[in-house]
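**Q** Supplied in structure tokens, the structure appears directly below.
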Amino acid sequence: MAGTICFIMWVLFITDTVWSRSVRQVYEVHDSDDWTIHDFECPMECFCPPSFPTALYCENRGLKEIPAIPSRIWYLYLQNNLIETIPEKPFENATQLRWINLNKNKITNYGIEKGALSQLKKLLFLFLEDNELEEVPSPLPRSLEQLQLARNKVSRIPQGTFSNLENLTLLDLQNNKLVDNAFQRDTFKGLKNLMQLNMAKNALRNMPPRLPANTMQLFLDNNSIEGIPENYFNVIPKVAFLRLNHNKLSDEGLPSRGFDVSSILDLQLSHNQLTKVPRISAHLQHLHLDHNKIKSVNVSVICPSPSMLPAERDSFSYGPHLRYLRLDGNEIKPPIPMALMTCFRLLQAVII
């Protein structure tokens, strides 16, 4: 029970690390010098709540153009409109913007005027989900910490797109049209602080190359990935949450050491083509292997031997840390091998 609580706290810590710095900056006390308290100009197309003078609500209004943004605005909500372009002019005075939501519009790359976004020197959050983008927009402000581009038509990432985005911690590219040739060896160069990368629901057949070294959460579900190169995880030594559900991974496509990577705490390999349980690290806590083609569990292969346990033996006095194991949807039949329970003494749930 204590171990599960520790794991949950660790998950919360990681999530907080990705979000909290941005959230603190977004919700910090506003400096009265940033805007004049008597200046409550509000575009007629939008709503400016008196109790929240730094927010501008223009969502769900059938807008085709972005109105002029007053200088006091920090939070801009323009989602669910008919906007096709992002010109520079409406943002001329919007020097304090931290948050822009442009989800569910009709924005194309050709419609984004160069400099329109990069001029926003304090912008932290940019939401452009459910638009018509075919490549990651550029240039973007160096200050940006979260970029949400899910459900577009992105198939290209121009060279140098991320070169100045050293503050970016979260990049969401799920449900786009990315294929393997969208990536070069230096595609992610510049993302020194990226912690969460989501490229689920694309058309990848290979693992993306040279990911940022600080990546902790990597989501690649619902692609067509067939294999993982040897030593692939050496480049991302901090990865803790790895999701590869709904791919085409086979036993032959895995590295020789499997997933024996000490940083990985949560590993999801559901709905693949595995016939064996891969090697895992003694640190791993959650393992999802449901809906594969596994017929039996060879405990002697997957159980870390005493020599494989980390030097910090106190935390491993009860053996490996595995607590949750899903094996349902395979060809395994009960009962659970007793050797499995003997090896993984902290197991709290096994689903067959």
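FYI, residue positions are counted from 1 along the chain as it appears here.
Cβ atoms are placed via backbone N, Cα and C, with glycine included.
Predicted, not measured: the structure shown is a model, and the values here were computed from it.
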**Q** Pick from CYS48, CYS58: which one does Swiss-Prot say forms the disulfide with CYS42?
**A** CYS48
**Q** Among CYS6, CYS58, which cysteine is annotated in Swiss-Prot as forming a disulphide with CYS46?
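**A** Candidates were CYS6, CYS58; Swiss-Prot matches CYS46 with CYS58.
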**Q** Quick one: pull the CA-CA distance for ASN93 (N-linked glycosylation site) versus CYS42 (disulfide bond), whole Å only.
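**A** Spelling it out, the Cα of ASN93 (N-linked glycosylation site) and the Cα of CYS42 (disulfide bond) are 13 Å apart.
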**Q** Who are the long-range neighbours of the repeat 'LRR 8' (238-258) in its own chain, taking Cβ under 8 Å and residues 6 or more past its ends?
**A** 10, 14, 200, 213-232, 264-276, 278-280, 288
**Q** If you count, for each of the glycosylation sites ASN93, ASN222, the other Cβ atoms lying within 10 Å of its Cβ, which residue has the minimum?
**A** ASN93
**Q** What number of additional C-beta atoms lies within 10 angstroms of the C-beta atom of CYS46 (disulfide bond)?
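**A** Around the Cβ of CYS46 (disulfide bond), 20 other Cβ atoms lie within 10 Å.
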**Q** Does the repeat 'LRR 6' (193-213) reach the repeat 'LRR 9' (263-282), going by 3 or more CB pairs under 8 Å (6 or more apart in sequence)?
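**A** They are not in contact.
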**Q** Quick one: of CYS48, ASN167, ASN298, CYS303, CYS343, which recorded positions lie within 10 angstroms of CYS58 (disulfide bond), measuring between C-alpha atoms? Sequence order, please.
**A** CYS48
